[in-house]
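Here is the structure we will look at, set down as C-alpha cells.
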Amino acid sequence: MHQGKQQSSANYKLCEFVTAIPTIGFNVETVEYKNISFTVWDVGGQTKIRGLWKYYYQYTEGLIFVVDSSDHDRIETAAEELNAMLAEDEMRDAVLLVLANKQDLPKAMPVHELTDRLGLHALRGRQWFVQATCAVQGSGLYEGLDWLSDQLSRRP
C-alpha cells in the first residue's frame, strides 16, 4: 500500500517535501535522530513482495508502520499485515510506532478510530503509540520519532 512512507522518511532526514512514488522492491537509508541511528528499510506494501518482509526483521528493535488514514477501504488489510509482522518471532521485542499519515485530508480517520481498526488495544506485552502525521507538511513526524527514540534509549 502506498501510504507516504517515502515522503515521511525523507521528511525525517531532510525536512523537505519529496514527491513519493509507490515503493518497488525496497529502499534503505540511515537516519540519525537524537543520537540514535535508525536503519530504515522501506519494504513497500505491494502484495507480491510482502512475503519478503520477514527477511528484514532480524535485530529489529522498533517498527514504524505508516498508515494512510484516509484509506478506509484498506485499513483491514493494513491491520492484517501489521499483526502478521508482529507475530513473527524476530519482532517479539520490537516497540511499535504507528504513523497515522494524511491527517490533512478531510476523510482521514482520527487516531482513536485508527487505533481501534488496527486492533492495537489487543496487543499485550508490547509498547505502542499512534502519532497523527501529515508527511507533506512534516507535522507529527518529530513527535513520533521522539516517542520511539525515548522508548529505545530506555532499553538495556
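Note that Cβ sites are derived from N, Cα and C of the backbone, with glycine treated the same way.
Caution: TrEMBL annotation is automatic and unverified by curators.
The Mg(2+) binding site annotation in TrEMBL covers Thr23. Annotated GTP binding site per TrEMBL: Gly45, Asn101, Lys102, Gln103, Asp104, in sequence order.
There are 23 other Cβ atoms within 10 Å of the Cβ belonging to Lys102 (GTP binding site). For Gln103 (GTP binding site), applying a Cβ distance below 8 Å and a minimum sequence separation of six or more within one chain yields Ser69, Ala132, Thr133, Cys134, Ser139, Gly140. Counting every protein chain shown, the Cβ of Asp104 (GTP binding site) has 15 other Cβ atoms within 10 Å. Asn101 (GTP binding site) falls within a strand segment according to DSSP.
The number of other Cβ atoms within 10 Å of the Cβ belonging to Asn101 (GTP binding site), over all protein chains shown, comes to 27.
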